[in-house]
Structures are given as structure tokens and as C-alpha cells.
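Undergrad: Annotations per TrEMBL:
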type	residues	note
TRANSMEM	34-58	transmembrane segment
TRANSMEM	70-89	transmembrane segment
TRANSMEM	101-120	transmembrane segment
TRANSMEM	126-143	transmembrane segment
TRANSMEM	163-185	transmembrane segment
TRANSMEM	205-224	transmembrane segment
TRANSMEM	257-282	transmembrane segment
TRANSMEM	294-313	transmembrane segment
TRANSMEM	325-344	transmembrane segment
TRANSMEM	350-372	transmembrane segment
TRANSMEM	384-404	transmembrane segment
TRANSMEM	416-434	transmembrane segment
Amino acid sequence: MEQKSNEMEMAMVNLAKPEINDQTDEYKVYTRRYIMASFFAFSTICSSMMFSTCNPIASVLAAVYDIPTFIVSLAANGFLLMHPLLTFVQTFIVNQTDISISLKIGCALTLFGAFIRTATVITERFYTVILGSLVAGMGRPFIINIQANVAKEWFRPEDKTTVMIAFSFIITCSSVFGVIIPGQIFKGYQYETDPDDGKILTGKLMVIELEIFSAILIPAILFFRPSPPTPPGAINKSRDEFTYLQSLKMTAKNKNFILLFICYSLLMGGFHALAVVISYLFNPFGFTPSQTSFIQSSPIICGFVSSVMYSILIRKFHLNHKKIVLFNLIPVLVSLGLSYFALMTESLPLVLLCYSVLGFFVIPCIPLQLELACKVLHPINQTIAVGFLLAGVHIWSFFFGEILSLITHDQNKTQAFYGCLLLFLSFLAAAICFSKVKLPKEDEEEEATQVNQSTQEGI
């Protein structure tokens, strides 16, 4: 019995070792990893749709409910504000339990928020939409903060960057579904001729989205599995090495992470704020809600193409993540700088070109910055790195979105100019901060990536 006990102890010690050993079954790839990734991806789509529902029709809703435009923007901005408020709770729960608990909490809150929004059918008041968005926003960090954990705990180390790019694309671009549906329901609607039909269409929109969310989120709540007992690669066990407070202190003292935090907040916060006020910027130039929805979807489509392209290039040529981000920020700044002048021409193709270039180059920066943040905070749990960066994005999105809403509330060309200028300055400040980031042991990390790639090819 003692010999058996010793053998069991040795087996537990071997399982705790971080090195990969080809002679053991220490690391295992599970077929169901794609199912788990799908649950995460579709849950993210539902959360993003909650954020973007009112954005393309904001000016119409302001007229229908006879409320200021910044009140309409509270549905999206309030949704974003919930993320930083709940991030500490979410990271603590993951640090103490498992990512499956986090995802299920997030799905339940999203579903409940969508249900609250349908009350607008009865009340015919916009406050129910805002309240539902706030509740759904509370669930957002429980879903999107675990993207790095899902990638690392279910997929091979050499596949992590590709999976992160896919997840980040889905998180950023899934809001396109929330843009398309309102655009289609309100297509052809004119408040001047049919003022009462606006509330009916709004109620219809909320009910349709609740039906979609129920079909997706209920299976995710029921069937999303905990982390695998023998993951396909070494897993960071910082929850066993550091207390939660120790991890927070180490994060606060990491200067490179702080710079990444500021950069990511300004860059992606500006991108989200643009989505909130895009109808206010476009209305003075005669663009219809359906045209606005079409233009808003163009960065998503171009971002999909570039995400696929960059994932292939990074995997094949082991490209330096920091250099890619710095290169991409140049055309991003150029496209933003020219966006107002494109609007002045009132030419749909020119405006479409500017925003397509913006999406093509900015969206691949998202996963690369998240992965860099995980590296500079190693060995702290990656949920903290991702959670804090996304919290910063939502804080800046809220305040910046409200500032832009107030500046552009009269929806004239002068206000549109100042809105475009502030967006450009936010992205420029992000580029300056990122250029000052110094990544530790970059050469060693690149060599390790090449070793992993060579090992995979050898197998």
C-alpha cells in the first residue's frame, strides 16, 4: 500500500511539471475543444449584439421616444461601463474556481438583460432598454475575459496565437450582427410619416433578439465544460503561487503593462466610441440609417480578411507582434485623418474606403496586444491581464462615447469635425504609448515559438 501511495504522489508531481515530455500522456488534445470554443464564440456574439443594437438607429430612437441623443447612447455606454465595475469580481471568481463558472454567469446575465429589454413592448419607454443593457453589461466581463484561458487550456501552445486572433476578431466584429438586424427592421422607416410605428418596431427588435439569445445561450449554460484535467500545454498555475491581492500588486507595478493598458484603452475604446456615435457623425452629410449600417459593417468584413491573413503570416514566418502593431497603426491614423474629408464629399465609396482601411489594420492589433499583455505579466493568471485591458477599454469607451455624444448632439458638420478630430487624437495617443513599451526577453520568446513550430512540424 505504501508503494502504491508513493507511486501516486510521484504521478501527481509529474503532472505538476511545466515541461513537455514526449514520453508521457501529460498533455492531451481534446476533440471537444472546438465545441467549447464555439460556445465561447457564440456567447460573445450575443453579448456584442446587446451592445450595438441601438447604435445605427440612435438618431431615430431619439426622435421616437422624444429624448436627447446622449440618453439613447446610455444603452451602449452603460453596457460598456458595467465591464470595469465587474472585472474585479470576475477575475476573483476565475482565480478561485473555473472558467466554466464565469461563462455561465455571463450567459445568464446576458439572457436576463435581453428579457428586461422586451418590457418596452408594454411600457413603451426607453428606460427598459437602458436597464436591460446595464444588466447584460454586467455579464460581459464574465464572458470575454476568459478568451485567453479558453485558448490556452483547450488548444496547443503553437495554436494559441491563431485562436486568440480568431476570438478577438469575433469579440470585436460580432457587433455587426447587432448592427444589421436593427438596420433591416427600421429599413424604410420615416419618423415624420409614421411616428407611432417606431415604438412597435423597437419592441419587435427586442423580442427577436431575445429569441436569438435564448437559442444560443441556454445550450452554453447547460453544456460548457470545466477546464480539462490534462490540457494540451503548460498551464499557468499562478492561483496556487500568488494570492489574488499579490497578483493585483504585481500588475499595478508593471510599467510595461500600464503602457499597454493605456494604449489598448485609447485604441479600442476609441473604436467602440466611434460605433456609438457613428450615426451622429454621418447624419449631417445625408447618410441614411441603412447606409450607416452598411458602412459600419465594412470594418468588420475587412477585419475578417486581415485576421485570417495575419494569423497565417504569423504562424508561418514567426513575425514580431510589436512590429506588426506599430506598422498597422500608420494606415489606421491615415484613414482616420482623412475620414472627415471623405464625409465632406458625401461620397459613399470614399467613406467606405476610409472605414474599410481602418478595420483592416486595427482589428488584427487587438489579439496581438492582448497576448503581449499576457507575456509581460507572466506568471500571473492571464485572466487578470485580459480582464484589466478590456476594463480599460470599456471605461474609456463610456466616457469618450458620452463626450462625443454631447459634442455631436446637434448633428451638424462642425460638430462632426470635432468628433472626428477627437477620435484621431485618441488613436494617436495610443500609438505613442505603444511605441514606448519594452517587452522582456522578446528574442527568447521568438525562439521558443520557433521551437514549438518545429516540434509540431516534426510530429
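Every residue, even glycine, has its Cβ placed from backbone N, Cα and C.
Nobody curates TrEMBL annotations by hand; they come from automatic prediction.
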Undergrad: Give the one range among 163-185, 257-282, 384-404, 416-434 whose Cβ atoms make the most pairs under 8 Å with those of the transmembrane segment (350-372).
TA: 163-185
Undergrad: At a Cβ cut-off of 8 Å, and with pairs 6 or more apart in sequence only, do we get at least 3 pairs between the transmembrane segment (294-313) and the transmembrane segment (384-404), yes or no?
TA: no
Undergrad: To the transmembrane segment (126-143), which of 34-58, 163-185, 205-224, 325-344 is linked by the most Cβ pairs under 8 Å?
TA: 34-58
Undergrad: Spell out yes or no: are there three or more C-beta pairs under 8 angstroms between the transmembrane segment (70-89) and the transmembrane segment (257-282), with each pair 6 or more apart in sequence?
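TA: These two stretches do touch.
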Undergrad: Counting only pairs at least 6 apart in sequence, do the transmembrane segment (205-224) and the transmembrane segment (163-185) share 3+ Cβ pairs under 8 Å?
TA: yes
